[in-house]
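Peer 1: Copied straight from TrEMBL:
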- 13-35: transmembrane segment (TRANSMEM)
- 47-75: transmembrane segment (TRANSMEM)
- 95-116: transmembrane segment (TRANSMEM)
- 165-184: transmembrane segment (TRANSMEM)
- 242-264: transmembrane segment (TRANSMEM)
- 338-357: transmembrane segment (TRANSMEM)
- 364-389: transmembrane segment (TRANSMEM)
- 395-416: transmembrane segment (TRANSMEM)
Amino acid sequence: ITMDKEKIQLKRIFGYCWGTSFLITNVIGAGIFVAPKGVLKYSCMNVGLSLCIWTVCALLSMMTTLCSAEIGITFPRSGAHYYFLKRCFSNLISFLNFWTSLFLGPGLAASQALLLAEYSIEPFYPSCSAPKLPKKCLALAVLWTVGILNSHGVKEVTWLQTASLVLKMAILGLISLSGVVLLVRGRKENVERFQNSFDTDFPEASEFIEAIFQGYFAFSGGGCFTYIAGELKKPRKTIPRCIFTALPLVTIIYLLVNISYLTVLTPREILSSDAVAITWTDRVIPSLTRVIPFGISASIFSNLLVNVLESSRVTYMAGQEGQLPLLFNMLNIHSSPFISVLVLVTMASIAIVSTNLTDLINYLYFVVFFPLPLVTMAISLCLVLVPLVKSPHMHYIYVCLFVLSGLLFYIPLIYLKLRLVWFEKMTCHLQLLFNICIPDVAEEQMSEVQTF
């Protein structure tokens, strides 16, 4: 009889505490360090309105997160949103969604690695911009380190994610508390920005929407539970508890951080700053100016860790559902989808070498995930249509053509079920080389098969 601990499968080992930490890590990225500038800019430097916009963004984030949570609860398995599209719509819809995420995941990982490298290296080049080669070498080193950690199972990822989260929260806590202390002291230069804060001009409708986009970017990442629902204990209870703990906490931190920024810096100083957190530190605690970039790097590192974890689960699920070769449905001795992680890191490495951060962000901004309930779907449509209307570019057409190019693979390999004998032979050799195998079937999956 095979003992439970000997089974090779994705196990339900995460509970409420880790789930809450995981959600906070996903939501709090580099956005809170840079987005306040955009929100204030498109709010016409209206301090009161900018704080209201952050509150609106928090409510929108709660809506989209709950939409994703419903999918994770209904289909409690890894890559739940992919499985939802396949079950409720069709193989074609789920494949095109997966085809997009197959390249979106590595692109996001590449952009995070490059951004981390940029923040880590910049302090060593105070008087000039850092050269590209060291940035790309550091980005590649960090990316492959994250890939190795993910291939050794989730325990290594867990403690590193927790350490990064503690550092991230310490920095945001320092900024928040310092701002509150300065505000409570009641100095004129600190308080005057909040007196009659709504008296300045109000933005036009298009500018108001742009401000919401800027703030909403800092709250993105709430749909993460659809990726790891198959590894959560009692997901029906755990997911809602995590959401209603993490998002209110993040909202309070974001509001306090923005109040702290506005207490120390004038709106014009915020707009002229490329990194608001660093400018704030230089004004309040100059001795920590060099520490903040490394704190931001730690924040991005934790996001990179969970991004590789999440994206590899979707690829693994696609292999399990027969939309990718059998290799992608195999786990190593650490119960990690090794091939999925390897392919993702390799593709991200190619993106780092062949492109730059600006180009990656342009393409990633256009390719967004579409939740299905009406309000959140309208928000997602705005995220796509506003860039098209305000600044149309040919690369948006290229992205649409790229999504449809998935049909070139779907029709022969999945719809017509074309078999490649040579690839089946290669699968056996790769299975031996990487020491991977088809996972054991979980009891809940067996009961699901019997039900349907």
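Here the Cβ of each residue, glycine as well, is placed from N, Cα and C on the backbone.
From a predicted model like this one, the values you see are computed outputs, not experimental measurements.
How buried are these features, and what lies next to them?
Peer 2: If you look at the transmembrane segment (47-75), the same-chain residues 6 or more away from its ends with a CB under 8 A from one of its CBs are 23, 27, 36, 39-40, 81, 83-84, 87, 193-194, 197-198, 200, 202-203, 208, 211-212, 215-216, 218-220, 222-226, 229, 235-236, 239-240, 243, 247, 250-251, 254-255, 258-259, 262, 267, 371-373, 375-376, 379.
Residues of the same chain lying 6 or more positions beyond the ends of the transmembrane segment (242-264) and with a Cβ under 8 Å from any Cβ of it are 16, 19-20, 22-24, 27-28, 32, 36, 39, 47, 50-51, 54-55, 58, 61-62, 65-66, 69, 169, 172-173, 175-176, 178-180, 182-183, 190, 193-194, 218-219, 222, 225, 270, 276, 280, 283-284.
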Peer 1: Ranking 13-35, 95-116, 165-184 by the number of C-beta pairs under 8 Å to the transmembrane segment (395-416), which range is first?
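Peer 2: Comparing 13-35, 95-116, 165-184 against the transmembrane segment (395-416), the winner is 95-116.
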